[in-house]
Amino acid sequence: MAAVGPPQQQVRMAHQQVWAALEVALRVPCLYIIDAIFNSYPDSSQSRFCIVLQIFLRLFGVFASSIVLILSQRSLFKFYTYSSAFLLAATSVLVNYYASLHIDFYGAYNTSAFGIELLPRKGPSLWMALIVLQLTFGIGYVTLLQIHSIYSQLIILDLLVPVIGLITELPLHIRETLLFTSSLILTLNTVFVLAVKLKWFYYSTRYVYLLVRHMYRIYGLQLLMEDTWKRIRFPDILRVFWLTRVTAQATVLMYILRMANETDSFFISWDDFWDLICNLIISGCDSTLTVLGMSAVISSVAHYLGLGILAFIGSTEEDDRRLGFVAPVLFFILALQTGLSGLRPEERLIRLSRNMCLLLTAVLHFIHGMTDPVLMSLSASHVSSFRRHFPVLFVSACLFILPVLLSYVLWHHYALNTWLFAVTAFCVELCLKVIVSLTVYTLFMIDGYYNVLWEKLDDYVYYVRSTGSIIEFIFGVVMFGNGAYTMMFESGSKIRAFMMCLHAYFNIYLQAKNGWKTFMNRRTAVKKINSLPEIKGSRLQEINDVCAICYHEFTTSARITPCNHYFHALCLRKWLYIQDTCPMCHQKVYIEDDIKDNSNVSNNNGFIPPNETPEEAVREAAAESDRELNEDDSTDCDDDVQRERNGVIQHTGAAAEEFNDDTD
């Protein structure tokens with residue numbers, strides 16, 4: 001089979017996109033029906049039977065709309081094909097009824113609200129229009145139901161019979177009889193088609209039920225819902241639903257404003273425009289479905305914002321592409337937590353603006369999480385290109401300036417309350433995070449500017465990051481207290497209590513636990529490093545070697561492990577954060593009281609101390625190699641001692657490359 005060329009692939013992709021867009025458009029009416037049912041309430045003045053019947057019909061409408069919403073693409077197209085055919089049949093019957101019984105053919109003139117003429121004045125012209133209309137309905141009906149036999153012609157003729165009776169000016173009772181007979185024949189044919197398709201509907205329903213049950217048993221409810229969510233493109237459906245709803249409302253409101261102002265101008269004043277925007281925003285979150293639709297729109301905006309920032313700063317991390325998921329989830333949780341859709345219109349607008357401020361600060365925090373790794377990688381890799389550093393520094397500056405401006409504007413227009421306190425705390429925390437990142441970035445850039453090893457760099461970076469983590473922990477505790485006060489004295493809810501529990505676990509407990517663990521690991525590593533003997537002065541010059549971890553020379557001092565390997569104290573301490581073994585021979589790093597300084601064993605470079613013959617050094621090195629083999633199977637050696645040393649150094653170099661990526 002020949003390979004598909006690029007033009008054919010483009011045509012195929014365009015074809016698939018068109019079908020996907022059509023599928024999304026066909027699922028949107030189901031959301032309109034569900035939203036209309038949820039926004040309507042039964043009339044309490046009616047009898048109990050009528051109320052129960054209305055509730056049953058609403059539940060049935062929600063259930064049927066939900067089933068149509070999750071249909072497969074093929075089943076969805078078939079459903080709309082049959083529905084369109086039945087709609088054409090009903091429209092044809094209504095047109096025949098209205099034309100036969102309610103139109104004066106000798107004075108027909110119908111206008112719409114805009115003054116546009118719909119039907120011609122003269123009778124023959126109206127007859128021809130009715131014939132063309134019924135032919136269109138009949139051809140569409142038989143085409144959609146795929147009726148190809150002689151019955152298709154009879155059905156079209158059946159639709160034209162009432163028009164023929166109208167043209168021949170038959171008496172009224174005969175026209176009524178013809179209309180009733182035509183409608184009955186069309187109804188019987190529709191019922192017959194439904195009966196024929198009922199078998200297909202039964203087997204399709206049974207197949208879908210068995211498939212869903214099978215997937216539920218194998219994969220569980222969560223994966224089943226995720227698969228359905230992706231298959232029907234539910235976020236796209238929500239976006240189209242919300243945007244079309246807002247567009248329709250905007251069109252109606254614009255028409256009302258034009259009629260109220262009695263002007264033909266397309267433009268409106270700024271006051272009317274602001275009122276229009278406020279009304280659209282208020283009506284755009286008046287139910288749970290509309291809040292979901294707004295969340296889907298926010299998801300799309302946040303997704304492309306995140307992609308733009310990633311492209312601007314030059315990041316390729318896949319985990320940083322989750323802004324389009326985090327932002328809508330947070331917005332929806334805030335809406336549920338504050339009861340946004342159930343508030344009065346004025347309160348809803350105020351609450352929505354406050355939620356958007358909180359969402360903005362959260363998005364800025366997420367963007368900082370995107371820029372911080374890029375900032376650290378640029379500073380640690382010693383890249384001097386201005387084009388690489390400027391975008392990240394520019395975004396960091398914006399992340400510092402925007403929270404300051406937001407806090408200034410809010411404090412200038414609002415009095416202090418729990419919401420303003422929370423937004424201000426988030427802004428101050430973000431500014432401190434940016435300061436910490438820029439400080440660490442500056443330290444690494446200073447270290448890269450000098451060629452000498454800066455042994456205190458790790459300590460300074462740890463102090464800066466620890467200070468930032470402690471301040472962040474304090475802010476987490478303060479925000480927990482602010483949320484507790486809000487829940488007890490302002491607006492308590494189960495969702496707020498649940499979110500406070502999550503905040504206490506992730507932002508307080510886990511952060512404190514991880515910080516304490518890091519502190520203890522560092523403290524233990526420092527104790528172990530301080531317990532190791534140190535080489536300085538002339539003896540350090542006699543070694544004339546480099547550290548096996550960082551490959552830098554020993555300039556000031558070196559630490560000797562119990563297995564008589566030597567490293568920089570800083571490098572060995574970083575290694576001990578990861579594992580408690582020697583990087584060279586993988587023995588435990590510990591100090592015993594009876595261990596003394598022994599330089600009669602080979603070190604990193606096979607250094608032979610003075611007053612010792614090479615033959616003795618080789619014999620002792622071979623004996624030491626045998627002992628290492630007996631103690632640890634992870635080292636490889638041959639009869640040649642030098643080959644063993646080379647293998648160990650290569651192994652250590654690979655570990656050191658992985659270790660050097662850690663900046664803690």
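Backbone N, Cα and C atoms are what each Cβ position is placed from, and that goes for glycine too.
These features come from Swiss-Prot:
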TRANSMEM  51-71  transmembrane segment
TRANSMEM  85-105  transmembrane segment
TRANSMEM  125-145  transmembrane segment
TRANSMEM  154-174  transmembrane segment
TRANSMEM  178-198  transmembrane segment
TRANSMEM  293-313  transmembrane segment
TRANSMEM  323-343  transmembrane segment
TRANSMEM  356-376  transmembrane segment
TRANSMEM  390-410  transmembrane segment
TRANSMEM  420-440  transmembrane segment
TRANSMEM  469-489  transmembrane segment
TRANSMEM  495-512  transmembrane segment
ZN_FING   547-586  zinc finger
COMPBIAS  629-639  compositional bias 'Acidic residues'
MOD_RES   T635  phosphothreonine
MOD_RES   T663  phosphothreonine
Open item on the list: Just to be sure I understand, if DSSP states are collapsed into helix, strand and coil, how many residues of the zinc finger (547-586) fall in each?
Closed with: 10 helix, 8 strand, 22 coil
TODO: Among 178-198, 356-376, 390-410, 420-440, 495-512, point out the range having the most Cβ pairs under 8 angstroms from the transmembrane segment (323-343).
DONE: 356-376
Open item on the list: Mean pLDDT for the zinc finger (547-586), rounded to an integer?
Closed with: 82
Open item on the list: Tell me if the transmembrane segment (178-198) touches the transmembrane segment (85-105). I count contact as 3 or more CB pairs below 8 A, with pairs 6 or more residues apart.
Closed with: yes
Task: Non-local residues, at least 6 beyond the ends, that sit with Cβ under 8 Å of the transmembrane segment (154-174) - done: 92, 96, 99-101, 105, 127, 130-131, 134-135, 137-139, 141-142, 147, 181-182, 185-186, 189
Task: Close approaches to the transmembrane segment (390-410) from elsewhere in its chain (Cβ under 8 angstroms; 6 or more beyond its ends) - done: 309, 312-314, 357, 360-361, 364, 367-368, 371, 374-375, 378, 420, 423-424, 426-428, 430-431, 434-435, 437-438
